[in-house]
Amino acid sequence: SMTDLLSAEDIKKAVGAFTAVDSFDHKKFFQMVGLKKKSPDDVKKVFHILDKDKSGFIEEDELGFILKGFSPDARDLSAKETKTLMAAGDKDGDGKIGVDEFSSLVAE
C-alpha cells in the first residue's frame, strides 16, 4: 500500500495542504508527500498503486481520484485540476499518463 512507500504523516500533511478546491499543485504535492526523494523503482510502485484498473496508464478519470490513492478520505480533484495535471503529465498527447510520463512529472 501507499504507506509502505511513503510516511503516513507526510501523506496526511500533503493531502491536508490542498483541501481547497482548485488549490492542487502537483509539484508541491509530490515534494510534500516525499515522492521526489524516492528511488525510480519506488516512484513506479506508486504509479502502479494509482493505476487502479491496471491498464499501465493513469487515464483522466483515474487522475481525478489521485489524492484518494494516497489517502482514502482525500477529496477528488476538480475538472480544472484534473485537466491541468493531465496537460502537465501527458507528454505524448494520448490522453493518459504512462509510467515514464508519471516519473517525469514527479521529477519536475
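Heads up, the Cβ atoms here are built off N, Cα and C, so glycines get one too.
Listed in TrEMBL:
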{"type": "BINDING", "residues": "ASP51, ASP53, SER55, PHE57, GLU62, ASP90, ASP92, ASP94, LYS96, GLU101", "note": "Ca(2+) binding site"}
{"type": "DOMAIN", "residues": "38-73", "note": "domain 'EF-hand'"}
{"type": "DOMAIN", "residues": "77-108", "note": "domain 'EF-hand'"}
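Distribution of TrEMBL features across the structure.
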residue	record	Cβ neighbours (10 Å)
ASP51	Ca(2+) binding site	20
SER55	Ca(2+) binding site	11
GLU62	Ca(2+) binding site	19
ASP92	Ca(2+) binding site	10
LYS96	Ca(2+) binding site	20
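In terms of DSSP secondary structure, the domain 'EF-hand' (38-73) contains 20 helix, 3 strand, 13 coil. DSSP assignment over the domain 'EF-hand' (77-108) gives 20 helix, 3 strand, 9 coil. Within the model, the domain 'EF-hand' (77-108) shows a mean pLDDT value of 97, rounded to a whole number.
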